[in-house]
Amino acid sequence: MVNFTVDQIRAIMDKKANIRNMSVIAHVDHGKSTLTDSLVCKAGIIASARAGETRFTDTRKDEQERCITIKSTAISLFYELSENDLNFIKQSKDGSGFLINLIDSPGHVDFSSEVTAALRVTDGALVVVDCVSGVCVQTETVLRQAIAERIKPVLMMNKMDRALLELQLEPEELYQTFQRIVENVNVIISTYGEGESGPMGNIMIDPVLGTVGFGSGLHGWAFTLKQFAEMYVAKFAAKGEGQLGPAERAKKVEDMMKKLWGDRYFDPATGKFSKSANSPDGKKLPRTFCQLILDPIFKVFDAIMNFKKEETAKLIEKLDIKLDSEDKDKEGKPLLKAVMRRWLPAGDALLQMITIHLPSPVTAQKYRCELLYEGPPDDEAAMGIKSCDPKGPLMMYISKMVPTSDKGRFYAFGRVFSGLVSTGLKVRIMGPNYTPGKKEDLYLKPIQRTILMMGRYVEPIEDVPCGNIVGLVGVDQFLVKTGTITTFEHAHNMRVMKFSVSPVVRVAVEAKNPADLPKLVEGLKRLAKSDPMVQCIIEESGEHIIAGAGELHLEICLKDLEEDHACIPIKKSDPVVSYRETVSEESNVLCLSKSPNKHNRLYMKARPFPDGLAEDIDKGEVSARQELKQRARYLAEKYEWDVAEARKIWCFGPDGTGPNILTDITKGVQYLNEIKDSVVAGFQWATKEGALCEENMRGVRFDVHDVTLHADAIHRGGGQIIPTARRCLYASVLTAQPRLMEPIYLVEIQCPEQVVGGIYGVLNRKRGHVFEETQVAGTPMFVVKAYLPVNESFGFTADLRSNTGGQAFPQCVFDHWQILPGDPFDNTSRPSQVVAETRKRKGLKEGIPALDNFLDKL
């Protein structure tokens, strides 16, 4: 099916029950791009001989060189199900042709923001797990994100060729390995999912249902239990009964699948299935999965890899595999690939699993609407999204910008959730800060062109109905990173994406030649557009700062900046880590600040959060948008807050959502509401730039104890109150034992047993500590988990490899913030050095400001 045209795709786009939007997610190097190849070659864009080597979706040169995926890439595939297979689909369908929009996403944790962007526009996910190394830290992170977005997972066990050829596992051991991975994945799903009673129903994966695939992307073969069940049903049917109708056949195959997994055994002597492991005459019976599925595969591997010519010929005939003339002369691995690919083609198995088990937009948008849309659940836009209605108002979410071949321009890449987007349509382009009824962050502009994304190429298309993924030309000037596009006047925004990592590593950049500064500024703007997570900031000292998730992420960003966006040579500083400011005790005095005109007084105290509250705010368990009483109850039950105080939270900060809280515990103050906005503004300002070195604050609760105000409104305006509030907040921080917090990575290291000692050495030198060490069952590999300060992580990978002879593979994920031990006021301590360096870098006055600047006497 190589030559399917845009018109054919366009025809299927209207059959929204036959669309599947899915992404491929996994831990780094578990083989996503390689697997995607077998799908692409099935839908016919790569020649099948090259599949497994081309990595079609790795479109950039550096992706091909480093052999990693950096940006998520979209591609549309067409697949036709046979009459027999259609009966397995439990949701509504429309004809036998399916359009699959597939997004291949990166596995490196540094690029997990790309994964988030991919997940937002898809409804299903193919989770790839390497069956040798099992479920890793990044598998868990991306799976958790997928479930939080209400995306249905199916599992693929990749790299079976390694299990057979390198580890030489027995069938029973291999079954146990699979069983363990399935259990691990289901534990993650049930931990973060909403249970069977939730809106999605049961999303646990189960080989019996056919939601688990097994195979090898590199060799291009794969199967689910369905393929083997069909072979055996056909075999048994051939013995006795005549032809079955498609519906009865589907029923028989489903029954058969139940027998092929779990504690079911097969007696080859009688040809019967049994539930006990021993036959009536006391022989030990083989498990059905091992006997009926793994055994034939092992036989093929054994015959071909040991060059048993006659046996190979017999097997090929028995399995009814038709080889090309050129394949017949091969031997060893090339022959193995050719045979397995003919017998169990990966494309078919995976595409069937995707079309049968992943939801169509019609199914998925019913339960995803409430998570996607911020507005009321019953306005026109929400109804359009829920029913995926092409006649409804246009609602579209742009999840990222894709650079075009033309420097400096971007395609806006996103998904149409309701309505129809077409060339020349006049739309409302709403950025993430838009609020209905206001004019800011809103543009009314026509769309210049709509295009289809096909991996490395784009195809122009007239219009695209809802449920599809599309690229737009001509809206990139009006959006940074993400936004909502709609034709409905009262539409609210689609919800902003939550990233699982935060940009904690920063680098200062400058142009080598000062005359190139304007190009650098322009380049930074483009960089901020092209990557969903990177932040570009200008410090007060005039420095340009780029913040990213980690070393690798920053390295790629800087390379892009130099070569694509700014096209000028760049100097960069050493990487610096962002810190947070916090307090460790309650303020020792009640802090008083007077306004500049001496007529208003504010009294406040600061105190630290109880453990875990800041993390809850980050996750969104406690947020500014929650229902008041519900939030108060949660705080009272979990953190033992006073209920009356918990109800009087004024706001969160910085930016209205951060992990600091301002509460009002005053008793009967007149005119208090009039100054609330001013105090809140001062609070946002103070929490964004803390007292120690103007870093964000974290985990501080401020209590307003008392306020005395001037009777005339004119003497208590914003100009009087905002700076006063800020001074008072600073004073309460400085009297509450202020501390610095540093970001900590969770490092997962895979290594053979003999080098574990070397790892401990490296970690101890870098202030890290190991908190878990486990052996991967059935292999000689160890997994070491440790906490490592981000500050010490630069060059960690190189250091680790040189100390372990290149046998250890680390994965760093940002995990939490931790207080840096020591007092910033003590000149010999580590925090005071950090404060001094940071203040110097930002061009602030030397030394922490004295308390007298903020605290007033009565």
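In case you wondered, yes, glycine gets a Cβ from its N, Cα and C as well.
Features as listed in Swiss-Prot:
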CROSSLNK  K239  SUMO1 cross-link
CROSSLNK  K322  SUMO cross-link
CROSSLNK  K529  SUMO cross-link
MOD_RES   Y265  phosphotyrosine
MOD_RES   S325  phosphoserine
MOD_RES   Y373  phosphotyrosine
MOD_RES   S502  phosphoserine
MOD_RES   K525  N6,N6,N6-trimethyllysine
MOD_RES   S595  phosphoserine
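A map of Swiss-Prot features onto the structure.
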residue	record	DSSP (3 states)
Y265	phosphotyrosine	strand
K322	SUMO cross-link	coil
Y373	phosphotyrosine	strand
S502	phosphoserine	coil
K525	N6,N6,N6-trimethyllysine	helix
S595	phosphoserine	coil
Cα-nearest neighbour of K529 (SUMO cross-link) within the listed recorded positions, K322, S325, S502: S502
For K525 (N6,N6,N6-trimethyllysine), nearby residues of its own chain (Cβ under 8 Å, 6 or more apart in sequence): C536
Rounded Cα-Cα span from Y373 (phosphotyrosine) to S325 (phosphoserine), Å: 57
Cα within 10 Å of S595 (phosphoserine) - qualifying recorded positions among Y265, K322, Y373, S502: none
Spatial neighbours, same chain, of K322 (SUMO cross-link) - Cβ under 8 Å, 6+ residues apart: R342
Whole-number Å value for how far Y265 (phosphotyrosine) lies from S502 (phosphoserine) (Cα to Cα): 50
Modified residues (S325, S502, S595), the one with most neighbouring Cβ atoms at 10 Å: S595
Densest Cβ neighbourhood among Y265, Y373 (modified residues), 10 Å radius: Y373
Inter-residue C-alpha distance, Y265 (phosphotyrosine) and Y373 (phosphotyrosine) (nearest angstrom): 49
CB contacts for K529 (SUMO cross-link) [other CB atoms within 10 A, all chains]: 23
